[in-house]
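Okay, structure first, notes after.
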């Protein structure tokens with residue numbers, strides 16, 4: 001140890017002169033660079049300077065418009081530092097520091113610049129103040145080490161050594177428990193004390209005096225203490241520190257120190273898995289830090305809980321939930337005033353848009369006895385923070401008004417209030433008035449809503465006036481104002497007013513309030529009438545009772561009449577919708593019959609009588625595809641299946657009816673009479689409906705019509721989900737319809753199959769939904785996306801069609817934890833330029849909206865907002881079909897130009913009804929029915945039964 005002291009004898013002088021030498025070297029280097037630049041100055045450099053100056057002026061102008069543009073501050077500081085504009089650079093940094101907490105990199109650059117500029121001793125105090133300001137933003141070991149090393153340069157001043165030691169002790173308190181970086185502070189502290197030790201050791205060969213020996217022993221004890229303190233704390237690489245202590249100490253390591261070291265080593269081994277997880281995790285590591293915090297809270301060491309919270313916040317400073325958890329822990333557990341209030345202040349500076357943090361800050365200030373001026377200043381800062389919801393302003397006003405109300409001493413009544421209490425009461429009333437004006441002017445202009453539709457602030461004011469001030473006149477005026485803001489139709493508002501009168505008013509005003517409630521209430525008039533009658537039973541006279549009965553009966557009769565009219569109107573609308581739907585169905589049926597007639601009747605073809613008879617009974621629907629039933633959202637039958645509906649398409653064969661005995665079903669697309677190989681005969685799927693199990697099945701839709709062998713393809717696709725019992729594709733006359741049913745052997749497979757929803761199959765998103773019988777469950781809905789306000793999710797529009805999930809995640813992950821990303825596509829799988837991004841909480845989504853709205857991505861300007869999907873209208877509901885066909889004119893059934901000559905008529909010419917007059921159509925004559933004998937004769941001729949020979953004669957009549 002003595003030899004080590006001899007070798008380090010000059011170390012202290014080197015540490016003192018290090019800062020001065022660096023400043024001289026830097027100044028020489030700057031001078032040399034200045035000479036070189038002056039010699040090599042060119043027109044290009046001057047042009048660059050002009051461009052940079054123009055950019056600096058643009059950024060300063062932009063900040064004058066919006067001072068809260070964080071990125072603009074950063075860009076301005078970079079340019080000013082590049083140009084060497086030191087006064088403007090210092091001013092820009094100060095402005096940004098007033099608005100935002102600065103990151104570790106910005107602070108280190110600022111501190112190093114100021115240290116290099118400081119050459120005179122009196123200016124060191126300004127640098128000390130700057131370091132103290134930096135300490136208030138984040139707990140950063142690097143800044144603490146830089147602070148301590150800078151202070152070493154001034155230890156030659158009076159009290160300089162003690163100042164250095166106090167800074168090191170503060171650094172150990174702040175970051176000494178940092179598992180991975182705390183050892184750096186300990187080692188720097190020990191290095192400083194070793195340098196002091198070298199100055200107090202006596203020269204070799206000399207005998208120290210008593211005072212010298214005492215100084216030497218005291219310094220040695222300081223170093224021993226530092227080693228013992230460090231070895232008792234769980235830190236990474238503790239074994240190296242223990243080995244260094246064994247080598248340094250002449251007396252060895254005591255058993256007490258060894259036992260503490262082993263205990264700390266065990267704690268370090270417990271925490272090591274969490275540290276390793278943090279080391280390999282990608283930023284922001286929010287989930288990993290939360291797991292680590294939960295572990296430390298179970299262990300219960302307040303200092304270690306605090307340091308892990310600080311570490312998490314340094315990497316997740318824009319996460320309001322983390323700040324809320326930290327400040328809540330400090331409020332309830334540590335309760336140290338300086339620590340609590342500084343943490344609350346840091347929280348609102350990092351997340352000023354979060355109302356809850358401001359509200360907790362106000363409560364903490366009041367809890368720790370802050371003066372009224374300080375609390376009022378914080379509240380004013382909150383009003384200018386820029387909340388994203390109107391209700392946030394209501395809540396912050398309520399918190400401040402609660403504080404002002406608690407300041408007033410109402411214990412002796414308003415008439416006996418002291419002068420100070422009277423002044424506080426007037427301030428409370430003035431604050432209530434200001435809050436109402438603020439909500440009406442500022443909030444409504446910004447959000448187009450007051451945020452306080454129930455007038456909770458006015459209700460609280462009225463209760464304070466009635467309860468504490470005994471001023472019922474003022475309370476009634478406030479309630480009159482509440483009712484005029486659209487609340488008179490709500491029964492609960494009238495009952496609140498009635499209860500206030502009941503508690504602090506008189507029976508006369510109670511009766512007036514209930515009579516007005518009976519007259520105005522529209523949501524629950526029966527309940528208000530019952531309250532009025534109950535009140536008159538207890539309080540009123542016979543005349544009052546008769547008046548109440550008459551008023552309630554008149555009101556209820558009027559309400560019942562209005563409800564009957566509404567019900568009748570709704571029924572009328574329902575009938576109209578039903579009639580239009582029926583008209584549309586009939587129009588479609590007529591159109592199908594015409595198409596059937598065109599396909600089924602060709603000149604020159606003869607039919608046998610038995611075929612004709614068969615077609616009379618079955619041919620009406622023989623050429624029609626299975627009827628399409630509209631589903632949830634009408635998206636490719638996406639909405640489940642049902643026994644009845646599936647039976648229509650698959651169980652009854654191709655045409656939706658059972659074939660007559662002896663007539664075999666043919667595969668789709670096979671001509672009548674064509675020979676079909678046995679291997680290609682089309683088979684019905686699951687002929688026995690009882691074998692089907694909806695709870696073990698899924699409905700597949702939006703498949704490609706051109707899919708080859710869908711049964712085999714889908715069975716291979718869904719086999720990883722579990723054993724497939726059957727695959728039932730649905731066919732039409734032209735082939736595969738694009739949807740099918742997959743039945744598994746167990747219910748567990750259905751859950752896995754539903755996870756394959758929207759998986760791309762042959763270039764199209766495949767829709768997978770539960771198989772539910774709509775006849776048994778008419779209210780079942782498959783639409784899985786919410787249609788209400790989703791505060792934790794953002795909606796992005798204007799995306800380039802080439803944007804991928806990975807690109808979108810890279811863009812959004814800097815603003816919070818991303819739980820899910822959904823790119824909106826059409827039925828063919830092509831993107832629509834829209835996306836939904838779900839964050840971990842509301843605050844992250846709100847921050848993402850503020851930062852991403854207006855961002856340019858691949859030359860596309862993005863529009864970002866909180867997800868608030870529009871409600872689905874009636875036309876999207878299951879079972880509803882738009883009656884557009886029923887509203888079309890009859891002549892439009894055949895097309896926009898009527899029934900043209902290209903549409904062959906299957907009715908023999910001899911059976912055409914002859915009319916007296918013809919109206920000319922664009923493509924020929926259109927027969928128009930007329931009255932008279934000829935018309936009647938035509939009708940009789942149409943209704944007269946004809947034989948097969950009669951039809952043959954008419955077809956081939958020349």
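Backbone N, Cα and C define each Cβ position, glycine as well.
TrEMBL lists region 'Disordered' for one of the ranges 846-866, 867-887, namely 867-887. Counting residue by residue with DSSP, the compositional bias 'Basic residues' (585-599) contains 15 helix, 0 strand, 0 coil. Taken as a whole, the domain 'RRM' (696-773) shows an average pLDDT of 87 in this prediction.
Residue counts for the domain 'RRM' (792-869) under DSSP (helix as H, G, I; strand as E, B; rest coil) come to 22 helix, 32 strand, 24 coil. Across the compositional bias 'Basic and acidic residues' (560-584), the DSSP tally of helix, strand and coil residues reads 25 helix, 0 strand, 0 coil.
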